[in-house]
Amino acid sequence: MLGPLPPHRVLPFSFSSPLRTTWEDAECPKTAASFPSGGNQDLHLQNATSSLRVFLLHIGMRATSPNSAPTSCWPSSRRATGARARRPWWTPSIRSACCSTAPGPAASSATILFAFLVYSGILAILIICRLVMKIGPVRNWVYKKLNPRETDRLINSELGSPGTADAISSDPSPRLWCATSRQRLRSLDTFRGLSLIIMVFVNYGGGKYWFFKHESWNGLTVADLVFPWFVFIMGTSVALSLSSMLRWGSSKQKVLGKILWRSFLLILLGVIVVNPNYCLGALSWENLRIPGVLQRLGLTYLVVAALELLFTRAGADSGTLEMSCPALQDVLPFWPQWIFILTLEVIWLCLTFLLPVPGCPRGYLGPGGIGDFGNYPNCTGGAAGYIDRLVLGEKHIYQHPSCNVLYQTTVPYDPEGILGTINTILMAFLGLQAGKIILSYKDQHKQIMSRFFIWSVVMGVISAILTKCSKEEGFIPINKNLWSTSYVTTMSCFAFILLLLMYYLVDVKRLWSGTPFFYPGMNSILVYIGHEVFENYFPFKWKMQDSQSHAEHLTQNLTATTLWVIISYILYKKKIFWKI
């Protein structure tokens, strides 16, 4: 295990076959690293400082021949964090090199632990208070203290004060301790709220930890989990809401109108949110970004909701197949929908692997730039990037993709582009399938949970086949920027398991009320747009004393995220919900 690497120091290293890296705290000598030969080499880095980032983006190379021009050596990954990191190198004629580390925020794994303990303590206090409030005398005493007017009215009623009994019986105000006769599935709102809160935390910076940032290209981090989960639960909600509207007598024409209007509003709000101009002057139509998160949600909702509306029969979800094939009553009656979705997936595969892209190999899935030895610098995203640049124009898509820093890309790429929307629809449709399971096996908890588990296993097996259980060597790597098929199946695998756990804990056993995630889940659009609009305003952001401190970043980001949870709780108590 190598010792901690000091920041801002030039660190020489050398290796031979087998490649072994050694570090010294010294100036870089004339020959800092020896390469056995030209061609491809593997460099293994290992260090003991868990939060140190080793940046090898700009490495000055010294050629052995005095007539050779300086050359750069490019890695495919930027982190060596407490574990072995494998980096391909391109060294056509290089015999020596030196590199230096660029410091990120100071190492502080203890900061995350401290934050976890603080929030765990708060949660423990809330749980204890909830248990204490179940004690009758304590509950009544608190109720009297919090509601003195209601207490006086109850006393007057018991003493026979005229008119008060009628006032009490007709009082429309909600009772603090009365349970409603019918409750919606809290697990769905809890699932949505969890996805949303992680999304807010990540968007605010995630404490500047690398695992709370989006992966540069292939692979997964925590930040890559939340958007597909949000899409998944949106599909689940579509199944339940459309079934409810049709069951209560709404015509399909009226429901279709609501679907079109909601999709339009989501797309419009998305364009407004991703094109802020308060610091850049008047908005330029020439640089207007068209794709975005809400825009993709709007298009996905339009397709999935319209598809469900078109093929759903009110009050006959399982039709005549319920008796002949009850085990598949959540699938077989909806075979036209599956044909449509599979057709979309075939279109995605054909465009991705067969569409000729100028200057790029057919079926290219790489990041372009200096990736793949710099052979395809203008091929970022392959067919997906090409379609966006061709249809929307380079100035109307995202200019700073997550692969830009590591791979030094020169062309824009939008992770919410046109082609990826197809697989977002697939993700929402799998969420729709979860909703069909809930509807087809209503109140049959074992049936619902067993099917969630089966779907999770199926999606996991498909992911294992597509990726060959590897990050880079699979048929279709897991890639959030591309929204690859394996990314969707992997996220669906996790989503079904997570929904199963929440359904069991929240709705079946009622061991957990869903707090605190339930509240932002009930006001998801307001929280998402609000956190985007007020991102740079106090108290969500302030000037830090040490920009290299994980503790300060984490404190600021957790404070901002917690404030949105509190805001959503207050709005819930006041029964204020922003629905589109």
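From the backbone N, Cα and C atoms, a Cβ is placed for every residue, glycine too.
As the structure is a computational prediction, the values presented were derived from the model and not from experiment.
Lifted from TrEMBL, the feature list:
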type     : residues : note
TRANSMEM : 112-133  : transmembrane segment
DOMAIN   : 184-306  : domain 'Heparan-alpha-glucosaminide N-acetyltransferase catalytic'
TRANSMEM : 190-206  : transmembrane segment
TRANSMEM : 226-247  : transmembrane segment
TRANSMEM : 259-278  : transmembrane segment
TRANSMEM : 298-316  : transmembrane segment
TRANSMEM : 337-357  : transmembrane segment
TRANSMEM : 418-439  : transmembrane segment
TRANSMEM : 448-466  : transmembrane segment
TRANSMEM : 486-505  : transmembrane segment
TRANSMEM : 517-534  : transmembrane segment
TRANSMEM : 554-572  : transmembrane segment
The transmembrane segment (418-439) and the transmembrane segment (190-206) contact flag, 3+ Cβ pairs under 8 angstroms: no
How about the transmembrane segment (226-247) with the transmembrane segment (486-505) - do they touch, taking at least 3 C-beta pairs under 8 Å (6 or more apart in sequence) as contact? yes
Between the transmembrane segment (517-534) and the transmembrane segment (259-278), do 3 or more CB pairs sit under 8 angstroms, pairs being 6 or more residues apart? yes
Over the domain 'Heparan-alpha-glucosaminide N-acetyltransferase catalytic' (184-306), what does the predicted model average in pLDDT? 91
Write out how many residues of the domain 'Heparan-alpha-glucosaminide N-acetyltransferase catalytic' (184-306) are helix, how many strand and how many coil, based on DSSP. 88 helix, 1 strand, 34 coil
State the non-local partners of the transmembrane segment (190-206) in its own chain: residues 6+ outside its ends, Cβ under 8 Å from one of its Cβ atoms. 212-213, 222-223, 225-227, 229-230, 233-234, 237, 498-499, 502, 506, 514, 516-522, 524, 527-528, 531-532, 535, 540-541, 553, 556-558, 560-561, 564-565, 568
